[in-house]
Amino acid sequence: MDSHWVRMVLLIACILPALVECRVRHYKFHVVSKQTNRLCSSKSIVTINGKFPGPTLYAREDDTVLVKVINQVNHNVTIHWHGVRQLRTGWADGPAYVTQCPIQPGQTYLYNFTLTGQRGTLLYHAHVNWLRSTLHGALVILPKRGVPYPFPKPDDELVVVLGEWWKSDTEAIINEALKSGLAPNVSDAHTINGLPGAVTNCSTQDVYNLPVESGKTYLLRIINAALNEELFFKIAGHKLTVVEVDATYVKPFKIETILIAPGQTTNVLLNADQKFGKYLVAASPFMDAPIAVDNLTATATLHYTGTLAATPTILTTPPPKNSTQIANNFISSLRGLNSKKYPVNVPLTVDHSLFFTVGLGISPCPSCKAANGSRVVAAINNVTFIMPTIALLQAHYFNIKGVFTTDFPANPPHLFNYSGPGPANLNTETGTKVYRVPFNATVQVVLQDTGIIAPENHPVHLHGFNFFVVGRGVGNFNPKIDPKNFNLVDPVERNTIGVPAGGWTAFRFRADNPGKNEFSYTT
């Protein structure tokens, strides 16, 4: 369920050294509406430059990127550069009312940031309500000139953006959910590069083709731009070699099916080593909890050059949506590269240890007649975020009082069986709260799913930082036993993580990026 975004903001006080000079790349984004046909129906969607998905931005490590955004729709909008560290450029991060005020209709905003020490695949998306369902695209950061990949050089590269599609207007859907207090409708289809693939009961079949030549190796830059759902991805007859996640290199491994949560990216090598033909590409949902999801599998075709159009497509069977073992097999295979050039600098000591419960709760809503005067909301440590009307970074920088408080709890306010049904009182506290962290402190965060109302997986993104995933498990986190099994040698480095349904995940990072940096998750 995704009725609310929940945020916990980290305040880090200090100033980083000046950044080095680098090449400047200029882009212009026109936020415009476009009438679009999918699933045998038509609707107006919000896009970048009339494209869905939006245009791919290319740059190199240490380049400076300037993006002028012109808002030509009747919605406030911001653009979040998902995974970009934003060192000393917090104003450019994009979450509305956290680092900036929204770009109003008819107004412009210049995003200016440097890709310091980053290379790989990231994404950008709108950060106001559900506009990101169609306003999103890839951000490809190439290595510095002359610096090779730490894996065999591919012959070519392809960007693959996974998403969701609603026949109805997504802003109307989320607004109705907030008004009624009930969960918003699930999507009507998943998409691969904006197309759902073959679907029943529709004469128009919108299928994306991935062209390949026999004998060549391709780097697939796979992005999950969906709002809500973790997705399996596989290609019939081909194994995938995973080499990178969230713009960080990993120890390469081969696998048939990858799992990718909203906001995550995965780079894989694909060897076009099969016989000429067409091979099914499938993106299907993963949900191992009793939560409604869109069950429709998005399909595309891997098309070998020279294959006749009438050639039958070689099929593959997507995993069942509750395939926990397949999901865990992928997750447990991820290890940081940990080479001399790309070391894993996981903190071995911890200055701040935070334990956050993530899940659902109830908030009074007298106007929510359909939900009997209440609204299902999301919460971290039983706190539901209240969106301010002044951006938090602005309030901090200009010392504006009364916008936020610094009393976000480091631990749950009440102890209970977290993975069980929850306490008798399901009401959450509301507020605009931050947790203050000193510059360069080391932080450990344990994210614990709760069974309040229902357990479910939660994609969690930390703005402004990468972190090292040192452990995960099912049930309740045990602070005396579980840390003994933490991987402090070669944990995978990410910026977005999926908290398992009825379980927990732990990560560590160094607070070396001053400003307002938020946790955000959908539930």
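Glycine is treated like the rest: Cβ placed from N, Cα and C.
Under the heading signal peptide, TrEMBL lists 1-22.
Positions annotated as domain 'Plastocyanin-like' by TrEMBL: 32-144 (among others).
What TrEMBL lists as domain 'Plastocyanin-like' is 157-306 (among others).
Model confidence over the domain 'Plastocyanin-like' (408-516) is summarised by a mean pLDDT of 94. Summarising the annotation, TrEMBL assigns domain 'Plastocyanin-like' to 408-516 (among others).
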DSSP-derived helix, strand and coil totals, residue by residue, for the domain 'Plastocyanin-like' (408-516): 4 helix, 48 strand, 57 coil
Helix, strand and coil totals (DSSP H, G, I; E, B; other) for the domain 'Plastocyanin-like' (32-144): 6 helix, 57 strand, 50 coil
